[in-house]
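According to TrEMBL, the protein carries these features:
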type	residues	note
TRANSMEM	12-36	transmembrane segment
TRANSMEM	67-84	transmembrane segment
TRANSMEM	96-115	transmembrane segment
TRANSMEM	122-144	transmembrane segment
TRANSMEM	156-180	transmembrane segment
TRANSMEM	201-219	transmembrane segment
TRANSMEM	248-278	transmembrane segment
TRANSMEM	290-312	transmembrane segment
TRANSMEM	318-336	transmembrane segment
Amino acid sequence: MLFSAQFLQRYWWRLLAVSLLLVVLVAILALTIGAVDIPLSALVHWPQGNLAFQHQLILEQLRLPRILLALGVGALLAISGTVTQGLFRNPLADPSLIGISSGAAAGASIAIVLFSQSAFNLMGISVVTAGAFCGSLLVVGFVYRMSTSAAGTSVSTMLLVGIALTFLAGSITSLLEFFADNDMLRRISLWRMGGLEGANYLSACTVLVIFLIIFTVLYRQQNALNVFLLGESEARHLGIDATRLKKLVVVCVAAGVGLSVALAGTIAFIGLVVPHLVRIMVGPNHRYMIPLTACVGAMLLVLADALARWLIAPTELPVGLVTAFIGAPVFISMLYQRRRLALL
């Protein structure tokens, strides 16, 4: 643990304030870079409206809603990964283990192949977004139903059913790709790589509101989640309603990750690497982990999206590729350091 327990108790709010400040700084940086660079001096004149029309259009219609969506999606994926790892008591667990991402991919693929000509659009929600969200919820609902019996909800059964449904959803997606034409194949591939180019204020505000609700619900369960790390039987003996806690976590993770994947596609490693990184810094206490993972997840996705827009501008990379390129080496490095310390 990078910070001692005494340091965290004494300086916790300062650490959180520094994290929030870094999120703001990265968001400001993301406003300035892209296919068209906007100088920092221009941002100073933005609130007064003394800005070139082109810059104002880029900031207000393209970059600001995109950054807001990235903040919400990154934070949701990170805290979902945190509580999923707590639920499974495994630092290598990820929300995709219970089939959320694969279910969303199958739902989006069905929407693209079967309803590609549909003009359905309800309050800015496209048929692909609706299909992805429904697909993720259906898979998670089935996983939870299959793992629940009169004796309670089995986490190990949930994991096994989730893995099985991940393969099933993947085969459905592959089958649809086999019958899809070139345009459909490209749309499915781009969606699975993740992207924030479809951001608007409605989707961004929806994600931010859902994040605040899920964050509040999960943060109030911080003590129960900490006790659950000792084991389910120990948690029951200490008065924790384990069945209710598991149901609450699964519902929050399903809603948060389902919405994120539906709006932004599959974004790799945020839900896996960020909780692991924060745990190294502050330990497994959910009181510290949940807020900090939200900040780091939001910051990382905003930074990744800025790099996706800037690296080969004016062409834009899928943000899921950037998070994978960043996340995979970082995660391997953390595992190597952990192994090296264990051998000392």
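The backbone N, Cα and C atoms fix where each Cβ goes, and this holds for glycine too.
Between the transmembrane segment (156-180) and the transmembrane segment (290-312) there are fewer than 3 Cβ pairs closer than 8 Å, counting only residues 6 or more apart in sequence, so the two stretches are not in contact.
At the 8 Å Cβ cutoff, the transmembrane segment (290-312) and the transmembrane segment (12-36) share at least 3 close pairs (sequence separation 6 or more) and count as touching. Counted as Cβ pairs under 8 Å, contacts with the transmembrane segment (67-84) are highest for 201-219 among 96-115, 201-219, 318-336. Packing against the transmembrane segment (318-336) from elsewhere in the chain are residues 70, 190, 192-196, 264-270, 272-273, 276-277, 280, 300-301, 304-305, 307-308, 311: each is 6 or more residues past its ends and has a CB under 8 Å from a CB in it.
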